[in-house]
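First the structure, in the form of structure tokens, and then the observations on it.
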Amino acid sequence: MSLDIVILAAGQGTRMRSALPKVLHPVAGNSMLGHVIHSARQLQPQGIHVVIGHGAEQVRERLAAEDLNFVMQDKQLGTGHAVAQALPAITADTVLVLYGDVPLIEVETLQRLLAKVSEQQLGLLTVTLQDPTGYGRIVRDAAGNVTAIVEHKDASEAQKAIKEGNTGILAMPAARLADWMGRLSNNNAQGEYYLTDVIAMAVADGLVVATEQPHDPMEVQGANDRRQLSELERHYQLREGRRLMAQGVTLRDPARFDVRGEVTVGRDVLIDINVILEGKVVIEDDVQIGPNCVIKDSTLRKGVVIKANSHIEGAVMGEGSDAGPFARLRPGSVLEAKAHVGNFVELKNAHLGEGAKAGHLTYLGDAEIGARTNIGAGTITCNYDGANKFRTVMGEDVFIGSNNSLVAPVEIQAGATTAAGSTITQTVEAGQLGVARARQRNIEGWKRPEKIKKS
């Protein structure tokens with residue numbers, strides 16, 4: 001079965017009160033539309049057609065890197081009209097209609113829905129709710145067969161009592177779609193062309209409407225305002241938390257933990273409260289992450305420990321290495337096994353060899369640091385001259401005294417030592433002591449200044 005997917009994303013979202021198109025508002029670091037596209041891709045369709053309208057250029061720009069067919073809906077005349085705009089591009093056997101503001105839909109749910117579709121059968125995703133206000137109602141005959149969908153504004157009081165609502169997500173044989181689209185009418189309370197009217201047409205044409213339901217009603221929850229958006233965010237985070245815990249992660253409090261990207265985890269991982277994982281993050285076995293940390297686009301090897309209030313971005317931390325508290329690893333930072341980065345240490349494009357240590361109050365930028373080298377407190381690599389950046393190279397077993405300024409480009413060779421308070425501008429050769437500071441003078445009879453008395 002070949003598949004085309006149509007995603008409706010033309011709505012304005014006035015209740016969001018935002019210049020940003022509704023479907024671009026984020027859930028877990030990705031736009032709502034981005035989540036829907038991600039799920040759609042996993043179904044391996046031959047085409048994904050995104051119907052856009054309000055904020056069309058913003059949507060195109062945000063998703064320019066995706067392989068999508070954008071279809072313009074100049075006037076928002078209803079869901080049926082929106083799908084009709086995509087008709088010329090549809091060539092597959094089956095069409096699946098999704099919504100750009102329903103980001104939590106599970107791939108497994110869509111697979112079950114698609115399994116219902118045949119030449120003589122549609123698949124319709126419905127949801128049973130205690131309060132289905134706003135949802136179109138699923139009307140069934142005495143035998144339980146779906147006969148129609150009635151929109152809430154057009155429903156009678158008896159129909160409004162029905163608890164089964166229409167999610168809007170449906171799959172159908174493409175060969176029938178063009179005929180049904182041509183027969184749609186806008187004779188309703190909204191004056192719009194409802195996609196849901198194809199259900200009654202299908203029944204009249206002798207097709208069966210087979211229904212499927214999501215395991216969790218939140219899968220089909222949309223977001224029309226900021227409150228609903230926050231509800232989607234929290235539900236997504238709790239769902240991701242459950243997934244990680246099932247894989248061997250201990251979360252101190254799943255309600256105070258956020259995933260905003262793609263996370264791969266090992267076993268016996270411990271994550272404390274208020275931790276944010278962004279982008280592509282790989283966490284191997286036995287890693288411990290303290291509270292209030294952000295980990296972005298990074299790899300944490302087995303046994304890594306990250307202490308409280310640390311920010312790790314674009315970094316690789318080797319087996320048994322540690323960072324923090326209050327450490328910052330910026331893009332290009334690599335810690336080999338058992339390397340240590342302590343409190344108030346910042347790394348940028350720096351490579352620390354096995355067992356190297358930078359314990360506190362240090363900036364290491366554009367630096368190559370050999371195994372077992374020790375960096376004293378207050379050390380700074382002066383890597384930028386206002387126009388270009390330069391590297392600092394330290395060999396193995398180097399000892400850098402406290403309060404050093406290492407003016408790049410500069411090399412401190414294996415086994416060398418620099419004295420505390422030095423400004424190193426030249427090579428310190430292997431085994432040498434580098435001292436670069438003014439000689440101390442003690443002045444006899446010196447008196448401190450006294451405050452001038454006011455008259």
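Each Cβ is built from the backbone N, Cα and C atoms, and glycine gets one as well.
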(request) Quick one: which of ALA414, ALA416, ALA420 does Swiss-Prot put in the acetyl-CoA site with ALA377, ASN383, TYR384, SER402, ARG437? (result) ALA420
(message) For ASN224, ASN374, ASN383, SER402, listed as binding-site residues, tell me which one has the smallest number of other Cβ atoms within 10 Å.
(response) ASN224
(message) What whole-number Å value do you get for the CA-CA distance of ASP101 (Mg(2+) binding site) and GLU151 (UDP-N-acetyl-alpha-D-glucosamine binding site)?
(response) 19
(request) Using DSSP, tally how many residues of the region 'Linker' (227-247) sit in helix, strand and coil. (result) 20 helix, 0 strand, 1 coil
(message) Between the two most separated Cα atoms in ALA377, ASN383, TYR384, SER402, ALA420, ARG437, the residues recorded as binding acetyl-CoA, what distance in Å do you get?
(response) 22
(request) Quick one: pull the CA-CA distance for HIS360 (active site, proton acceptor) versus ALA420 (acetyl-CoA binding site), whole Å only. (result) 15
(request) Measuring CA to CA, name the entry from the binding-site residues ASN383, TYR384, SER402, ALA420, ARG437 that ends up nearest ASN374 (UDP-N-acetyl-alpha-D-glucosamine binding site). (result) SER402
(request) With H, G and I counted as helix, E and B as strand and the rest as coil, say where DSSP puts ARG330 (UDP-N-acetyl-alpha-D-glucosamine binding site). (result) coil
